[in-house]
Amino acid sequence: MVSTPPTLLMLFDDGDAGPSTGLVHREKSDAVNEEAHATSVPPHAPPQTLWLLDNFNIEDSYDRDAGPSTGPVHRERSDAVNEEAHATSIPPHAPPQTLWLLDNFNIEDSYDRDAGPSTSPIDREASHEVNEDAHATSAPPHVMVSPLQNRRPFDQFNNQPYDASAGPSTGPGKRGRGRPKGSKNGSRKPKKPKAYDNNSTDASAGPSSGLGKRRCGRPKGLKNRSRKPKKPKADDPNSKMVISCPDFDSRITEAERESGNQEIVDSILMRFDAVRRRLCQLNYRKDKILTASTNCMNLGVRTNMTRRIGPIPGVQVGDIFYYWCEMCLVGLHRNTAGGIDSLLAKESGVDGPAATSVVTSGKYDNETEDLETLIYSGHGGKPCDQVLQRGNRALEASVRRRNEVRVIRGELYNNEKVYIYDGLYLVSDCWQVTGKSGFKEYRFKLLRKPGQPPGYAIWKLVENLRNHELIDPRQGFILGDLSFGEEGLRVPLVNEVDEEDKTIPDDFDYIRSQCYSGMTNDVNVDSQSLVQSYIHQNCTCILKNCGQLPYHDNILVCRKPLIYECGGSCPTRMVETGLKLHLEVFKTSNCGWGLRSWDPIRAGTFICEFTGVSKTKEEVEEDDDYLFDTSRIYHSFRWNYEPELLCEDACEQVSEDANLPTQVLISAKEKGNVGRFMNHNCWPNVFWQPIEYDDNNGHIYVRIGLFAMKHIPPMTELTYDYGISCVEKTGEDEVIYKGKKICLCGSVKCRGSFG
């Protein structure tokens, strides 16, 4: 046999194939090679793959993450195995191993020092002894070396791991089991653990050896790193939120705060809306509604705080609300977020809860079979089945208890949500259905109690009138348009008191704007005000109105002694725009003709101008029932916002009393508009506001605008205070009002006379 030069053959185990005996020394590989050539009939052995590697770095061949390993074989252990192999004629069967042909191998790099326990690489002198023993053996063991199947340059090898247990393969195999995904057979430097704050971890999460994936028990979003404490937000100097104000007088007693009346309810709603309008005028960037309602609650501007079943003192059937928080402020619906309000068991006085009020917002599958019935959808669900708890449980309990439930219906008007109080209902039935979302939902049937004034029914009536203009077939219809085309909207005339009476009002000429009897009503305004620099589209409204426009979204913000409006094309003018509401003249039961609206009217809305003929005292007739006189005595009331509710100085309070330098007299007896049909009331829902008007011709006039004092439901009579001529004092606090006519308004504040 021709001897061959020694060739370095290395047996490698894949880290995933199980425990390995480590790396065989070079001289031992030479002995095995020579014995293999001397054997004529080699014994059967599993095929092995032979690879030729140049300049191979053995350190890259071992993966320290492959699992437990004994590291490179110790010298004594390697010698014992070698001697036993030479003494055996038939070598024992061993699992298939990969045979690598290595040149220029550096044994010092043949193991990873971090792989675990190891006896260090085999000494070279010890390897010589093993080699000499192998050559001295007379019967060398038969080892079969399969032919070289695949020779691949090392640069194409890419250090792909190979699983010896996978069977024969002609190339690198797929990553074996147990090796971490993405690991490579390269030398790795030990990673230094990152510093982290032990205080930032949860002690219940268990021990951890370092930075890793969040384990069970660790708070969601928590990371093993130190965090800088968050700095508290600085107070916003422009914030209008009020927490407390010791000097503020809410003008509401503790008893009135627990249980109110109509005067208190009206006052609270007007005060809240005044704050909201002021925030709109200031262009307050934060939530205006939330700020206004929170300030009112914090400073005690609220009533009916006691939860109760049944009617709410001061709230009438048919009253409207433009914001959810308004219902909370007056105690109609105390739940600030849910559509079902209820009493707890301890509050109701019996076992179990009881529903007190429900609000239909239009977002759910509520149905109305008729104007006296409501099918109400329970709360909860989406994306799960509704359960019988909280509000649903309270409504279900009300079926058995038969207690009254207040119903507030939400409707859209001009893209705004309006809530109508529809009175008291009884919950008659409860069942479950599958809703549009595919989940179980509760349904409750509510029946309206008879004998109540109409609420929601009025809303649906005027909705049909506005949308379809069903005027002619109406009960008591007389005339389709009392303005005879002068107004942009028709003004119908109806008499529902006596359908047989088709008499129309006294003969008069309908006019849209003020008529002056050959005189200029000069109010002695400084002439320099007419030569001001243009600020807002060539008008001087801002400067004349103390630097702020009087309107926001066509709503009056504050009452003032005098409001200035430019003529011509000024975009802020209101008087010259004409009617924007669907008004109608109707016959009242005891006060002649009256005026009402098909539309809901928000507080501060311009209704119409009181038009007529401007006169002097000498020109006024004694029996003129259609005379407007600014010199009369009027009941004072507070309508503007309170500075304390907006973190403003109390001295910034705007005066509301009219202070005209000259008396304004307007007679609508012969010429006028719909304003002439507005009746007197000692507790009105409309107030008048003097407006200075410039016709751009050097003439300045004072005109009278009529604005809504509070939210007015549709088909509610519109009234304002006519005032009285004189007052006699009978004591320090007692006065006698001496008007020309007897008052029949019937309000709780009726003075007995007017005019």
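Each Cβ is built from the backbone N, Cα and C atoms, and glycine gets one as well.
What Swiss-Prot lists as region 'Disordered' is 62-98 (among others).
What Swiss-Prot lists as compositional bias 'Basic and acidic residues' is 73-86 (among others).
Residues or ranges marked as region 'Disordered' in Swiss-Prot: 111-243 (among others).
Sequence annotations record features per position, and here Swiss-Prot assigns compositional bias 'Basic and acidic residues' to 122-135 (among others).
As annotated by Swiss-Prot, compositional bias 'Basic residues' applies to 174-193 (among others).
The DNA-binding region feature in Swiss-Prot is assigned to 174-186. Per-residue confidence over the DNA-binding region (174-186) averages 56 (mean pLDDT, predicted model).
The compositional bias 'Polar residues' annotation in Swiss-Prot covers 197-207.
According to Swiss-Prot, the feature compositional bias 'Basic residues' maps to 212-231 (among others).
The feature domain 'YDG' is assigned by Swiss-Prot to 310-448, with sequence analysis given as support.
Taken from Swiss-Prot, the feature domain 'Pre-SET' applies to 528-578.
Annotation comment: Swiss-Prot describes 581-723 as domain 'SET'.
Annotation source Swiss-Prot lists S-adenosyl-L-methionine binding site at Cys591, Gly592, Trp593, Asp624, Tyr626, Arg676, Asn679, His680. If you take the C-beta of Trp593 (S-adenosyl-L-methionine binding site) and look for same-chain residues 6 or more apart in sequence within under 8 angstroms, you find Pro505, Val585, Phe586, Lys587, Phe677.
What Swiss-Prot records for Cys682, Cys743, Cys745, Cys750 is Zn(2+) binding site. Residues near Cys750 (Zn(2+) binding site) in space but far in sequence (CB under 8 A, at least 6 apart, same chain), listed by position: Cys682, Trp683, Cys743.
The secondary structure of Asp624 (S-adenosyl-L-methionine binding site), as reduced to three states from DSSP, is coil rather than helix or strand. Comparing Cβ neighbour counts within 10 Å across the binding-site residues Arg676, His680, the minimum falls on His680. The Zn(2+) site is set by Cys682, Cys743, Cys745, Cys750; from the centre of their CB atoms, other residues of the chain with a CB within 8 Å are His680, Asn681, Trp683, Leu744, Gly746, Ser747, Lys749, Arg751, Gly752, Phe754. Candidate binding-site residues: Cys591, Gly592, Asn679, Cys682. Fewest other C-beta atoms within 10 angstroms, Gly592. Counting only same-chain residues at least 6 apart in sequence, those with a Cβ under 8 Å from the Cβ of Asp624 (S-adenosyl-L-methionine binding site) are Ser667, Lys669.
Rounded to a whole number, the C-alpha distance linking Arg676 (S-adenosyl-L-methionine binding site) with Cys745 (Zn(2+) binding site) is 17 angstrom.
Checking Cα-Cα distances from Cys745 (Zn(2+) binding site) against the binding-site residues (Cys591, Gly592, Tyr626, Asn679, His680) with a 10 Å cut-off leaves Cys591, Asn679, His680, in sequence order.
Taking Cβ-Cβ distances under 8 Å and a sequence separation of 6 or more, the neighbours of Tyr626 (S-adenosyl-L-methionine binding site) in its chain are Gly612, Ser667, Ala668, Lys669, Gly672, Arg676. Counting residue by residue with DSSP, the domain 'YDG' (310-448) contains 21 helix, 60 strand, 58 coil.
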